């Protein structure tokens, strides 16, 4: 790890966090339900893009760009974009407001759909 790697991860993380914030606000303006749709869609779309790009970066792009794309995009941007901690907070809020079964369902659905999205993205990249 070099100083330039730290810079790329930090820059990418800032971009990803801003994207997450903006998309979350945009979804919140349209969707008024109790389900944490913004966090769910952000995490699922991020899982899809990570699955897709991880295949491209490992197969085609590493020779051209080295580890820059992996560092800046996968770890930085998509690491800042997706949000495990917000998913956990949303589940905790659901558990106190509506019951543990709904919170558990949200977590299970998030993980299963996220895995499917990442696998689908990887499959498309092949």
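A Cβ is built for glycine as well, from the same backbone N, Cα and C atoms used for every other residue.
Annotated Na(+) binding site per Swiss-Prot: 79, 82, in sequence order. Residues annotated as transmembrane segment in Swiss-Prot, with sequence analysis given as evidence: 7-27, 37-57, 68-87, 101-121.
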Seminar exercise, completed: For the binding-site residues listed (79, 82), most other Cβ atoms within 10 Å of the Cβ sits at 82
Seminar exercise, completed: Contact count check, CB pairs under 8 angstroms to the transmembrane segment (7-27), set 37-57, 68-87, 101-121; argmax is 68-87
For this session: Could you tell me what the rest of the chain brings near the transmembrane segment (68-87), counting residues at least six beyond its ends with Cβ under 8 Å?
Result: 5, 8-17, 19-20, 36, 39-40, 42-43, 46-47, 49-50, 53-54, 57, 61-62, 107, 110
